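Here the structure comes first, spelled out in C-alpha cells, and everything after it is commentary.
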Amino acid sequence: MATEAPIEATEVPPASATETVAKQPHKLERRWTFWFDNQSKPKQGAAWGSSLRKAYTFETVEEFWSLYDQIFKPSKLTANADFHLFKAGIEPKWEDPECASGGKWTVTSSRKANLETMWLETLMALVGEQFDESEEICGVVASVRRSQDKLSLWTKTASNEAIQMSIGRKWKEIIDAEKISYSFHDDSKRERSAKSRYTV
C-alpha cells in the first residue's frame, strides 16, 4: 500500500508579509485616555470635576477608531456634557501637575457639524503626533452647550508665548478656523471669563 510522502517544511507556503503586517495592530507613539464629564444635572454642593469619569485608555490606531466610531463623537453628547482626550497619566483638571502652569487654545462654534469635524481633525492630529511641540500638549476638550459649542486644546506652559503661538497657528490650520484665542488656567481660576492672552 502506497503511503503519502511527508510534506517537507519548504513546501508549506509561508504567510505573505503583507498579511502578517495587516494583522498586527498599529501602535501609537504614546497612550491616550478618553474622559467623559456630564454637568447637566450637578449634585448640590458637588465639587467641580466630581462628575469627571475616565472612560478608556488606548494605544493603537485600531482601538482609537473603534472607540471614536462607537462612542466618542460630540453629536452623541447632551447639553452641558464634555468629551476629553488627554495623554495617559494626565487628568483634564487645572490641578494636574502637567496642566497647573498651562492654558488652553479655544474655538467656539454654533453649528454641531463644525464641532464634530474640528474634534475629529484634532484627535487625528494628536494621536498622529502632527504638532512639532507635541510634548507641550496635554489634550483636547469638546464641550457641548445649548447656545454655543466649544473646543479647547490644553497645553503645559502658558507663559512660553513662542511655543503657544506655534501650537496655535498649527491648530488653527488643522481645524480651518477663522480665529482662536488662548487663556491661562491661572486667570480662569480667578475669573469665570478669563481674558485672552494670545490670539491667532
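Glycine too: its Cβ is placed from the backbone N, Cα and C atoms.
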Region 'Disordered' according to Swiss-Prot, located in which of 1-22, 45-66, 111-132: 1-22
Top Cα neighbour of Cys99 (disulfide bond) in the set of binding-site residues Lys76, Arg145, Gln148, Lys189: Lys189
Cβ-Cβ neighbours of Cys138 (disulfide bond) (radius 10 Å): 20
Residue pair Lys189 (mRNA binding site), Cys138 (disulfide bond) - Cα distance, angstrom, rounded: 18
